[in-house]
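> So TrEMBL lists the following for this protein:
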SIGNAL    1-20  signal peptide
TRANSMEM  30-49  transmembrane segment
TRANSMEM  70-90  transmembrane segment
TRANSMEM  102-122  transmembrane segment
DOMAIN    109-210  domain 'CAAX prenyl protease 2/Lysostaphin resistance protein A-like'
TRANSMEM  143-163  transmembrane segment
TRANSMEM  169-191  transmembrane segment
TRANSMEM  198-217  transmembrane segment
TRANSMEM  229-248  transmembrane segment
């Protein structure tokens, strides 16, 4: 448990220091945002480095675990987009009229995916899944571990509501928390089914953030109300509950962390 507490404290110290500097100076510079985003990965590398080369090698070996069933890759890459489209369809039936023109830019998808992967997700997943989730799974079941990571992950984002120019300010906290807890459970299922693959964890997180960047789900980013995001969070929660039942029964794990 000491390693878990050390990771959380160090992650928050690194990230919140960078974001706090941006808030204090009123700066919206991307450099501060990106620096803070890399807190989890930097914390994991520092702690593993102190423990020795074997721990660092164990952590980074997750990037080499590429073998997984095709449906795991499909889920990682396309499930959040499916949830997003379903949420927009339901919102349309309820009278919503999101700015679909903002999502009609398929040429931007690979560019945005690459940007998100390199400058956002790369700063998080090695820490959240590669370090924290892996250690929690050694101590407790997958559902509890996934929820614990989710609460830490959600709390870590709090300063972003105060960061100048950051889109989080337009997101209601309730659907955000529901969405991030759901995503953490889904991450845990993918982690177990892929044999602790950091590569697949990065793909899933990048696909999720790219979906939010392309589809008009966020208030002020094409959505005419918070409802599309709330619907998407609800759908993700339903999916996470189904996955949690499988994890609790031991039918959703085949990997190293099962």
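Heads up, the Cβ atoms here are built off N, Cα and C, so glycines get one too.
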> Are there 3 or more C-beta pairs under 8 Å linking the transmembrane segment (102-122) with the transmembrane segment (229-248), counting only pairs at least 6 apart in sequence?
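The answer is no, given that the two segments have fewer than 3 Cβ pairs within the 8 Å cut-off.
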> What is the pLDDT of the domain 'CAAX prenyl protease 2/Lysostaphin resistance protein A-like' (109-210) when averaged and given as a whole number?
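Computed over the domain 'CAAX prenyl protease 2/Lysostaphin resistance protein A-like' (109-210), the mean pLDDT is 95 on the 0 to 100 scale.
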> Should anything in the same chain at least six residues away from the signal peptide (1-20) have a Cβ under 8 Å from its Cβ atoms, list it; otherwise answer none.
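The answer is 32-33, 35-40, 42-44, 46-47, 127, 131-132, 135-136, 139, 152, 156, 159-160, 163.
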> If I count Cβ-Cβ pairs under 8 A between the transmembrane segment (102-122) and each of 30-49, 70-90, 143-163, which range comes out on top?
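Result: 30-49.
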> Counting only CB pairs under 8 A, let me know which of 70-90, 143-163, 169-191, 198-217 has the most with the transmembrane segment (30-49).
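Out of the listed stretches, 143-163 contacts the transmembrane segment (30-49) most.
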> Determine which recorded stretch among 70-90, 169-191, 198-217 has the most C-beta pairs below 8 angstroms with the transmembrane segment (143-163).
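Per the Cβ count, the answer is 169-191.
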> Quick test of the contact rule: Cβ under 8 Å, at least six residues beyond the ends. What residues does that give for the transmembrane segment (169-191)?
72, 75-76, 79, 128-129, 133, 137, 142-143, 145-147, 149-151, 153-154, 157, 160-163, 197, 200-201, 204-205, 208, 218-221, 226, 229-230, 232-234, 236-237, 239-240, 243-244, 246-247, 252-253, 255, 257
> Same chain, outside the transmembrane segment (198-217) by at least 6, Cβ under 8 Å from its Cβ: which residues?
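Contacts of the transmembrane segment (198-217) (Cβ under 8 Å, skipping residues fewer than 6 from its ends): 60, 62-66, 68, 72-73, 75-81, 83-85, 87-88, 98-100, 102-103, 105, 108-109, 112-113, 116-117, 120-122, 124-126, 129-130, 183, 186-187, 190-191, 223, 228-229, 232.
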> Helix, strand, coil: count each for the residues of the domain 'CAAX prenyl protease 2/Lysostaphin resistance protein A-like' (109-210), based on DSSP.
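DSSP classes over the domain 'CAAX prenyl protease 2/Lysostaphin resistance protein A-like' (109-210) add up to 84 helix, 0 strand, 18 coil.
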